[in-house]
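Undergrad: Following this message is one structure expressed as structure tokens.
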Amino acid sequence: MNPCSTPSLYGVIGYPLGHSLSPLLHNTAFRELGIPGVLLPWSIEPERLPAFIQSVRLLNIRGACVTIPHKQSIIPLLDRVTDRVKALGAANTLYWDGDLLCGDNTDILGFMSPLQADPPSAEQTRVLVLGAGGVARAAVAGLKSLGLNQITITDIVDASSATLAETFDLKTIPWSQRSEVDAHILINTTPLGMKGKFEEESPYPTEALAARQGIAYDIVYTPFVTRFLREARAAGWKTIGGLEMFISQADHQFLTWTGRNLPQAAKQAVIDALTAT
């Protein structure tokens, strides 16, 4: 990076934002590739979002990662959104196309990436999605894009799973009966297992893992290995951690902004940060 260059400004917005890995990932990439850019964390209360978008336009902010609770409410504030945003009703990426401030959703691409790199076998066709929030919507859309259409959805809140099931024409089952589904692929989109008050919890009964084998995919990436993944691995399941999805969706964001992919050093910086805690 030329020290005399004025860096392009990017950000990650959410509320509360907490400790985001996006600045570490993207700023390491800018530095490694010699791109004059910096990504800053911005904690934006919901009522301040319209004013923030005005600031994006006025201050020539070149892009942003968007996280909860803004993924839906930001859409009407933009000039244009991609078909992925229209399909999912959520945007996680801001970028410019000429004079148009646009929104995209790279969550679906990030979710699909590890399943495309190492696809399920021809026999692994039945999927159980645990949780029915925004990430679950991206997961379901990604699964369908991969031709995996035998999907059952379950959530602690029955109404949430019913809404998602109706939108995507899925089967639904009560949370208490989730272990009764004969699924080859288990996908956790809940916060169960996340570092903090849920860290010692798992979204799926331990004893049920022994009944079959398949793929266990956890979108949670803090801690690096969740209880769900640890127990699934011990039972012989292939496991996919949430960091793979996080890095892949961020790679698509970085590519949109710069035309370059994230370098390995940026990915390793995030892995090192997670495994050090």
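Every residue, even glycine, has its Cβ placed from backbone N, Cα and C.
So Swiss-Prot lists these for the protein:
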ACT_SITE  Lys71  active site, proton acceptor
BINDING   Ser20, Leu21, Ser22, Thr67, Asn92, Asp107, Tyr221  shikimate binding site
BINDING   Asp83, Gly131, Ala132, Gly133, Gly134, Val135, Ile219, Gly242  NADP(+) binding site
Undergrad: Do you see any of the recorded positions Lys71, Asp83, Gly131, Ala132, Gly133, Gly242 whose C-alpha is within 10 Å of Asp107 (shikimate binding site), and which ones?
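TA: So the list is empty; none.
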Undergrad: C-alpha of Ser20 (shikimate binding site) to C-alpha of Gly133 (NADP(+) binding site): distance in Å?
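TA: Pair distance, Cα basis, whole Å: 20 Å.
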Undergrad: Would you measure the largest Cα separation among Ser20, Leu21, Ser22, Thr67, Asn92, Asp107, Tyr221 for the shikimate site and round it to whole Å?
TA: 17
Undergrad: In whole Å, how far is Gly133 (NADP(+) binding site) from Thr67 (shikimate binding site) when you measure between their Cα atoms?
TA: 13
Undergrad: For Leu21, Ala132, Val135, Ile219, listed as binding-site residues, tell me which one has the smallest number of other Cβ atoms within 10 Å.
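TA: Sparsest of the binding-site residues Leu21, Ala132, Val135, Ile219 by Cβ contacts within 10 Å: Leu21.
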Undergrad: Which of the recorded positions Leu21, Ser22, Lys71, Asn92, Tyr221 has its Cα closest in space to the Cα of Ala132 (NADP(+) binding site)?
TA: Lys71
Undergrad: Going by C-alpha positions, which of the binding-site residues (Leu21, Ser22, Asp83, Gly133, Tyr221) is nearest the residue listed as 'active site, proton acceptor'?
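TA: That would be Gly133, the closest of Leu21, Ser22, Asp83, Gly133, Tyr221 to the residue listed as 'active site, proton acceptor'.
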Undergrad: Cα of Ile219 (NADP(+) binding site) to Cα of Ser22 (shikimate binding site): how many Å, rounded?
TA: 16
Undergrad: How long is the line from the C-alpha of Leu21 (shikimate binding site) to the C-alpha of Gly133 (NADP(+) binding site), rounded to the nearest angstrom?
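TA: Approximately 21 Å lies between the Cα of Leu21 (shikimate binding site) and that of Gly133 (NADP(+) binding site).
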Undergrad: In angstrom units, rounded to an integer, how far apart are the Cα atoms of Asn92 (shikimate binding site) and Gly242 (NADP(+) binding site)?
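TA: Here the two Cα atoms are 16 Å apart.
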Undergrad: Which of the binding-site residues Asp83, Gly133, Gly134, Gly242 has its Cα closest in space to the Cα of Ser22 (shikimate binding site)?
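TA: Closest by Cα distance to Ser22 (shikimate binding site) among the binding-site residues Asp83, Gly133, Gly134, Gly242: Gly242.
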Undergrad: Taking the Cβ of Tyr221 (shikimate binding site) as reference, which residues of that chain separated by at least 6 in sequence fall under 8 Å from it?
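TA: Same-chain residues close to Tyr221 (shikimate binding site) (Cβ under 8 Å, separated by 6 or more) are Gly241, Gly242, Leu243, Met245, Phe246, Leu274.
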Undergrad: At its widest, how many Å does the recorded NADP(+) site span between Cα atoms of Asp83, Gly131, Ala132, Gly133, Gly134, Val135, Ile219, Gly242?
TA: 24
Undergrad: Can you check which residues sit near Gly133 (NADP(+) binding site), meaning Cβ under 8 Å from its Cβ, same chain, 6 or more apart in sequence, and list them in order?
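TA: Set apart from Gly133 (NADP(+) binding site) by at least 6 residues yet with Cβ under 8 Å, we have Asp155, Ser160, Thr189, Thr190.
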